[in-house]
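K.L.:
Handing you this structure, nothing more for now.
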Amino acid sequence: HTNERPYKCEICHKRFKHKTHIDVHILTHKNERPYECNICHKSLNTKEILKQHMSIHTHERPYQCTICHQCFTCRGNLKQHMRVHTNEKLYKCNICCRHFKYEASLKYHIKSHKKRDISM
């Protein structure tokens, strides 16, 4: 598993591991949401996101943790949850080399470096 993200959005410069992810991301800039929920009428970018959204209404949670049996609406949430059990830390700070389980934790951590730089 690498953190390499070769696909870059030319609009906001966010990077992605897979071409399909950047293709979906670009739709957010175009504000194209051609898929509509027939229950709440929320418009969404892709069929996959609509399918995931529908689980809100159906209360479906088909992805179950094999360790603690907690259930999730999408595979990505289960995958992220599994790091609680495995202690896998995929996200590395390029400044101090500390590792984090979650991308959000790394982003929060990087802000602490920026605050230190400002105060010096």
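Cβ coordinates are placed from backbone N, Cα and C, and glycine is handled just like the others.
Bear in mind that TrEMBL entries carry predicted annotations, made automatically and left uncurated.
Residues or ranges marked as domain 'C2H2-type' by TrEMBL: 7-34, 35-62, 63-90, 91-118.
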K.L.:
When DSSP states are grouped into helix, strand and coil, how many residues of the domain 'C2H2-type' (35-62) land in each?
P.N.:
12 helix, 4 strand, 12 coil
K.L.:
Which residues of the same chain, at least 6 past either end of the domain 'C2H2-type' (7-34), have a Cβ under 8 Å from a Cβ in it?
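P.N.:
For the domain 'C2H2-type' (7-34), the far contacts come to 43-46, 49.
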K.L.:
For the domain 'C2H2-type' (7-34), how many residues does DSSP put in helix, in strand and in coil?
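P.N.:
Going through the domain 'C2H2-type' (7-34) residue by residue, I get 12 helix, 4 strand, 12 coil.
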